[in-house]
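For reference, the structure discussed in these notes is given below.
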């Protein structure tokens, strides 16, 4: 099936972001493991798997629309401690959210409602799961302090 070229091109941009998010979560999860924060490792490892699924969904759709997936990822923002990792991941999620909203608008203009629905589902996951959880963690650190938070993540 031949898809709208602007939609395919934009999906490749989104794919680049998903690949970067996956790799960033991968590195951060391994940092958490190295630092002994088992709960953070488990959560970020789960997020990495979800980002991999998002990337796979985009790859499948790009192929279905007759495009070629571009596997170059966007730049990573790697933290050096728990707080900077959480903040970097939250910033990445905000960027993904904004990009998905633009993509949804583009799909509506191109009348590609199947791709739009794919992006809407990923936007829901980004806002309600990923970004929300990261915001909660940063809020907890503010409320109970870093030491108490770190202890809760062992």
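Any Cβ shown, glycine's included, is placed from N, Cα and C.
For the Fe cation 2 site, Swiss-Prot gives 93, 127, 130; the one candidate out of 49, 51, 56 that the record lists there too is 51.
Broken down by DSSP into helix, strand and coil, the domain 'Ferritin-like diiron' (1-145) contains 119 helix, 0 strand, 26 coil.
A mean pLDDT of 97 is what the model gives for the domain 'Ferritin-like diiron' (1-145). In sequence order, 47, 50, 89, 93 are the residues of the chain that are 6 or more apart from residue 130 (Fe cation 2 binding site) and have a CB within less than 8 Å of its CB.
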